[in-house]
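Notes follow once the structure below has been shown.
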Amino acid sequence: MAGVAAAKDSRTFAVLRFTNKGLVTTRADPIVNPGVPASHVHNVLGGSAFSLTSTGEDLIKSNCSTALVKGDYSNYWYPTLYFHDPKTGNFEYVDVYYTNVYYFFEATNDQIKAFPTGLQMLAGNAMQRTPPATGSDQLDPSKGPINQVQFTCPRSSYNPPSYPVGSDGTKAGMVDPNNQGAGVGFPDVTCDGMYSPLRLDIHFPSCYNPAAGLTNYKENMAFPTDAGNGKQDCPKGWIHTPHIFFEVYYDTQPYKGRWTENQGTQPFVFSTGDQPHRRHRSPTTKVADSGSKTIESKPPAASQPAAGAPGNDDAQCSSANVRTVTQTVTVTAGSPAATAAAASSGTKDNSAASTVGGYTYAGCYQDNIGRVLSGDVLPNLGPMTNEKCVANCVSKGFSLAATEYGGQCYCGNELVGSAKLADSQCSTACEGNSKEVCGGSWAISVYSKTGAVTMKAAKASRSEHAHRHRSQRK
């Protein structure tokens, strides 16, 4: 892609295609969980130099890529999808049919520039469990909360509808009021398009803030805003990059007949543990081009699967540097989806500070799919520390503050449906201070105004399941 592109008066685009052959399927996320197993399993595409700690400079050294274009060594990854068999309770891996990555050059007054080498971006929020207000996408921050993830469900007929009428997003998805074939979350029917089954649509932001830096994935990207005349511009001093639009086609048709449709629920669940699937997170590490390359200027016809194209032989490209980790974990069954969520390995001894910001460490407690603290969920505080989380919760009047997975913050006044864990279960280093502990996998480091916590039983009955997860290579 050229280093600089002229300002655009209308949208143009190119498409980068991937087949069903990914690079690796593994618990790895070098952006969010560098150096340690990730909190859940991902399908990984792109350059062969992918590893637990890979950077843009590492990816340039890739021997090959699963992209059907020579010379593109960027990596893209997203959570794996499972079918939760309603009869046996087993989880079955759902194959990816193919993937398209579009590079949109939007109408703008800005100069659209190439991605800088090593740029790390993240779209969505894997741990969000609250449905949005609507099923439509919304990419302009000046017009309300961003909604950058949808599902598209091509069908021969939309009678009955793809999404439950009046759905609030808690058990199945919500229809897009402007498109009956799309919505936020999973539909409760089988998507029967021959070459276009259930499709995940992800929009990445296209404004890069150099002041934040390449690797500050929580703060370095934003969506452009309406500048009038159909154009969208980035804030002054930011770099306008191409707008990445990600399509993942899941082969869900083989499961038709194995579940009851049109009942307001559905059987698919991501490795993040979100069954209605209200939110999704997909990271990418971009590599600047060292030379020219050809990307298709139009996508394949909707009625055709992605075929081969000049580029890398993805069948021969599977040399990602990822180690195997076997681990048995216990998770709650507030939702059957929880048993598909993998655990995150801690990298630090359990040595939580006794006091932080005037709050006292109360212990390590179990989290669950419904969240045991729900007063303030996942505030954007930058690279997380216990100090940041406590200060945020104090400012909002909550008596409890908790960190989890090294980078998440929760506030509240009581723990709902939780249980005390051994302190060793909270052993993940904080993103913002590696000398601190910020929870673990489904485990929260709790700080209290009084040093004690109030426990409350969950309304639904709960049971425990042991689930073994293995990082595996394709």
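Glycine is no exception: its Cβ is also placed from the backbone N, Cα and C atoms.
No curator has checked TrEMBL annotations; they are predicted automatically.
Database features (TrEMBL):
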- 261-274: compositional bias 'Polar residues' (COMPBIAS)
- 284-294: compositional bias 'Polar residues' (COMPBIAS)
- 299-311: compositional bias 'Low complexity' (COMPBIAS)
- 358-450: domain 'WSC' (DOMAIN)
- 261-318: region 'Disordered' (REGION)
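Counting residue by residue with DSSP, the domain 'WSC' (358-450) contains 13 helix, 38 strand, 42 coil. Over the domain 'WSC' (358-450) the predicted model carries a mean pLDDT of 90. Each residue of the compositional bias 'Polar residues' (261-274) gets a DSSP state, and the totals for helix, strand and coil are 0 helix, 3 strand, 11 coil.
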